[in-house]
């Protein structure tokens, strides 16, 4: 548990440093990192259930994507689905922590949520390609 807290603090410090630099792709992921950070203990297998903060964060991301993706009532075609997907992918790749595929796949079910975007270890964010969002281009 203590090592987990140290890793989370280190990740937040790195994120703050990276986010403060101009034109850094991570600045476009800040909201995703903050929303998904409370889920780390669950997806790493430390906790059996996601915390309420984790579920609130995933719900927030789901709402961001839901109201900006093609087919939604408030369609803006802004590329938010791809941005959120890429940010989660970056966080998973950068963390080098042992994410449990089953925990990631069960996150929506455990939070009683139907996601508007995929969360899995095999995410393919290219299926949400949107060239209209300059933030997405900076992440690629």
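Here the Cβ of each residue, glycine as well, is placed from N, Cα and C on the backbone.
Quantities reported herein were computed from a predicted structural model and do not represent experimental measurements.
Feature annotation from Swiss-Prot assigns signal peptide to 1-20.
For 29-87 (among others), the entry in Swiss-Prot reads disulfide bond. For residue 29 (disulfide bond), other Cβ atoms within 10 Å of its Cβ number 26.
Other Cβ atoms within 10 Å of the Cβ of residue 54 (disulfide bond) number 23 in total over all chains. Annotation comment: Swiss-Prot describes 39-54 (among others) as disulfide bond.
Within its own chain, residue 111 (disulfide bond) has 50, 54, 55, 58, 59 as residues 6 or more apart in sequence whose C-beta sits under 8 angstroms from its own. In the three-state DSSP scheme, residue 111 (disulfide bond) falls into the coil class. According to Swiss-Prot, the feature disulfide bond maps to 55-111 (among others).
Neighbours of residue 85 (disulfide bond), defined as other CB atoms within 10 A of its CB across all chains, total 24. Look at Swiss-Prot and you will find 85-125 (among others) tagged as disulfide bond, backed by sequence analysis.
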Practice item. Fill in the CA-CA distance, residue 85 (disulfide bond) to residue 29 (disulfide bond), as an integer in Å. Key: 10
Review point. Long-range same-chain neighbours of residue 125 (disulfide bond), Cβ under 8 Å, sequence gap at least 6?
Key: 82, 85, 86, 89
Review point. Within 10 angstroms of the C-beta of residue 55 (disulfide bond), what count of other C-beta atoms is obtained when all protein chains are considered?
Key: 20
